[in-house]
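Asks: TrEMBL feature annotations, pasted as is:
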| type | residues | note |
| --- | --- | --- |
| COMPBIAS | B:1-13 | compositional bias 'Low complexity' |
| COMPBIAS | B:29-40 | compositional bias 'Polar residues' |
| COMPBIAS | B:50-70 | compositional bias 'Low complexity' |
| DOMAIN | B:42-122 | domain 'Ribonucleases P/MRP subunit Pop8-like' |
| REGION | B:1-70 | region 'Disordered' |
Amino acid sequence: MLDIHRDDGPDTKVFFSHSLLPSYIDPQNVSTKKKPFSTFNAQPFSHTLDLILPEEIYEIVKGHVEGTAATAKGVYARVYMKLGEVLQGDFFNEYIKKGNIMMLSEGRPLVDNVFSLYDGTLRLELDRPTYERCGLQGKPIEDGGKKHQKNRWVIEYNLREPSMTHGKKGFSRLEWACKNVLDQSLTWLFYNFNSSAHESLRAGTEPISIHHPTIHAIEPTTTKLPRTLVPRLKASDPSSLYDAEDALALHEYIGMLCLDSPRVSANDSIDPHLSRYEVPTFNGLVELATRDMVRMRWRGFIPPHFVRELFLLVRTAGLKVEKGEIHEERWVAWSAAAFGGAREWTVMQWAGRETLSWECEG
Amino acid sequence: MAPLPLSTASSHPPSTPAEPRPKKRKTAPPSTLHTSTLRPQHTYFHLRLTTPTPTSPSSSSSGPAHLDPLTIRTLLTPPLQSYLGLTGAGIPIDILKSEGKDVWVRVRGEDARALQAGVGAWVGGVEGGLVPGEGGEEGSGEKRVRVAWRVVRRGGRLGGGDGGELFG
């Protein structure tokens, strides 16, 4: 065997699970511990969110999720500022102490110095020289025993703590580091969880407005996937998909739909020499049907909160189950990719309560 | 000694269910029915065909809109063959999608290293008419363009990207 055939590819792990949604979901107080909501929350910053759904469900939900009448609206801003400016004046008081925002700075994870802010917690991921100059206490990132990887450190501060105010000792050290070490201007993405921020951001009356942010709306683009081969999976089927091969094949299939690959089209005829991909039939147990599917794609700085709203909206509008009615084959699939490209999740939701989720790392 | 209340309860016929039972069971069914950790068998590549001259906007309309799967295979075989000979040329590659000069392919996990190393060290030529945006002017005949592959992304799952373009 040639040495080149050694399997040392990227070590991707997929955490697969089958779960049931709670029988009643209070929209004001959604569970954070149960899947798939825990899946959404585990990935704070997503840059792409895909929704795959059959055209008939799309027709029902499009009024709710697209255009000016959309119930779920999101606005994010791109802004150029220093870390120190986040911790000063109105920005700090209004957004971090009183309000709730999330921010992410540019840079590749595990390569550049990356700063993020989520739920009041400031996270600084630094390389060794910067960490040593900062004089702040942090934790080393586990390197898994890799030999040629530079050590990196993570410093975390909960900025909502009462001790995190101007004049306190710990906070002064952080300010000192921002002023003397982490003093570069960076591009940040900014999202405000306050629902009224939508208008005031555009009006320029927010504390961030002095930094001249560029404001973008998180709006979907719709791609039709006509005549797509779809395995006729029923809501009773997920429990027979526990086999690793089947679960991976289904995950790959949803990935192919998100990619808008011609290989899943019923009209596709490609030589097996060029591609041997086949829509999974799970050992011939599931038939294939030809259906018109739709892919909706949101791009932007997307928080879990936004995903959850959309998920519940699509479920209540499009996956309604009437009493006594059997709609076992209706499902939609969601997929979101995280900044840095290290994480991704996919959730497949049937009408009813069955949920399959895949959380990928690496 | 009087019998314990517990033993009297057990002497009741089992057909009369105790009242608190169903209440207890209501909290019992777990919401998660199954979990497992999977290791993908395939590695997915997002490749981009690069040409030495930056495509001018005027010529971008010439040539095909997307790379043809047959052209992709023809452009992937030589790098693998020059790197690993027949073993390399025989590596099965599944072409999943092409968009402009971007190509998404799938290989078995054990072949991923060969593909990455092979395409990284290869520069070749192809008829300009087959590459999007590289078709020569009408009537100028076929011109060959020098091409190379760039690995944009490699991973154990499809899709992704790091979102870096949102920082503008």
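Yeah, the Cβs are placed from backbone N, Cα and C, and that goes for glycine too.
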Asks: Which residues, given as numbers and ranges, are at least 6 beyond the ends of the compositional bias 'Polar residues' (B:29-40) yet have a Cβ under 8 Å from it?
Replies: 109, 156-157
Asks: Could you tell me how many residues in the domain 'Ribonucleases P/MRP subunit Pop8-like' (B:42-122) are helical, how many are strand and how many are coil under DSSP?
Replies: 38 helix, 22 strand, 21 coil
Asks: With DSSP helix as H/G/I and strand as E/B, how many residues of the compositional bias 'Polar residues' (B:29-40) fall in helix, strand and coil?
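Replies: For the compositional bias 'Polar residues' (B:29-40), the helix, strand and coil counts are 0 helix, 7 strand, 5 coil.
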Asks: Could you tell me the mean pLDDT over the domain 'Ribonucleases P/MRP subunit Pop8-like' (B:42-122), as a whole number?
Replies: 84
